[in-house]
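Record features (Swiss-Prot):
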BINDING   29, 65, 94  [4Fe-4S] cluster 1 binding site
BINDING   169, 173, 176  [4Fe-4S] cluster 2 binding site
DOMAIN    20-131  domain 'MTTase N-terminal'
DOMAIN    155-384  domain 'Radical SAM core'
DOMAIN    387-458  domain 'TRAM'
């Protein structure tokens, strides 16, 4: 992703003059990553060179995150560091949406600000910057959602792709700034999503990850009711072996959705459930009051319908007013439910959210201690869940390969990219090695808290094992 580019104007057929290279710095979540990929695609189509190395360009587009304070600080550090190197900046993403005027005032090197609903105009913005203008392109209320027709330059490698099924969120959780930064939910049509999935299949994608703010709410704004189940069934015809769903709000996992998880062969039984807490009073303060009656019942239903389900959740400790008894309720819930993967965060007050003004804040040292206690509680559970896979032969998507040792690193279906573990793969007795982007059968022989290990299984070995089992 570097160097200059020559291009032809799609409308006139005339050659475009060589245009400069633009560097990109990406921060934040995979939803933000898709926005970055669209900006890359638009600029490449317009004839610009694009690069992930800031040294290749004088101008850097920084797609920022503003979800929590730590993310904002990382974004600001990145901006200041690039500015001190003498780079000109186009600031995009959530931080731009959140603090547009302040950023323009405090960072003279910022030549443009581009909001979360305006990145489709990146070429026009860049041309204005090249003409000497200083640009503020931020819609007060984001309404745009990209579809399969918007150019895209993927950054995740050949085998894995994220597919955004909707943008924005209609919920108003007390701790979350995202609706303010991304707007209300706006879903793409099933036909649009399936069309892009087919495009990605043709590019060699082996794992497709469906994302939005609340994926189980997909379609409510467009069709009058959620239609995730229908979408999953439609994606069953796409030639991609793994389809993974992220951000499943618990109340949206209806019997129809669980049936789609069960019945559509390429939909993985991997459920990413951001439950946040277990205690009814804390959930009420989080403006998620309906969830308290759902958590345990839903998890029982999932395990009944999907016995092989892989369960991931995220939890928040130290929410304002969280008592020791309420925290112990959460600890008991975590110990009882035995999730495969858990992300635990301390509460971060965000300006503009209801939770930022709540009384009875929990001291940082107590919140951190609670987080540490939950992590300590979860580690042996995760280790045991991983150990239960020892002896199984599973498909592993190889993502890295060391030619000198033959070792490979990949993931099986129980691990999502970046947030979960990996599988360390030895080549096997026959020395079989495969390139990244390939799926290979692996017998799992080892496990720890986070990762698995194993060796490639030959066809002859699989035949012998099948005969022995009959």
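Residue numbers in this text run from 1 along the chain shown.
Cβ from N, Cα, C; glycine included.
Features recorded in Swiss-Prot, as mapped to the structure shown.
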residue	record	DSSP class
29	[4Fe-4S] cluster 1 binding site	coil
65	[4Fe-4S] cluster 1 binding site	coil
94	[4Fe-4S] cluster 1 binding site	helix
169	[4Fe-4S] cluster 2 binding site	coil
176	[4Fe-4S] cluster 2 binding site	coil
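Comparing residue 94 ([4Fe-4S] cluster 1 binding site) with residue 176 ([4Fe-4S] cluster 2 binding site), their Cα atoms are 13 Å apart once rounded. Using a 10 Å Cβ-Cβ cutoff, residue 65 ([4Fe-4S] cluster 1 binding site) registers 21 neighbours. Model confidence over the domain 'Radical SAM core' (155-384) is summarised by a mean pLDDT of 95. The two recorded residues, residue 176 ([4Fe-4S] cluster 2 binding site) and residue 65 ([4Fe-4S] cluster 1 binding site), show a Cα separation of 13 Å.
What surrounds the [4Fe-4S] cluster 1 site, by Cβ distance within 8 Å of the Cβ centroid and not counting 29, 65, 94, is the set 27, 28, 31, 32, 64, 66, 67, 71, 93, 95 from the same chain. In the domain 'MTTase N-terminal' (20-131), the DSSP tally of helix, strand and coil residues is 59 helix, 26 strand, 27 coil. When the Cα atoms are compared, residue 169 ([4Fe-4S] cluster 2 binding site) and residue 29 ([4Fe-4S] cluster 1 binding site) turn out to be 15 Å apart. Within the same chain, the residues at least 6 positions away from residue 173 ([4Fe-4S] cluster 2 binding site) whose Cβ sits under 8 Å from its Cβ are 276, 286, 287, 288, listed in sequence order.
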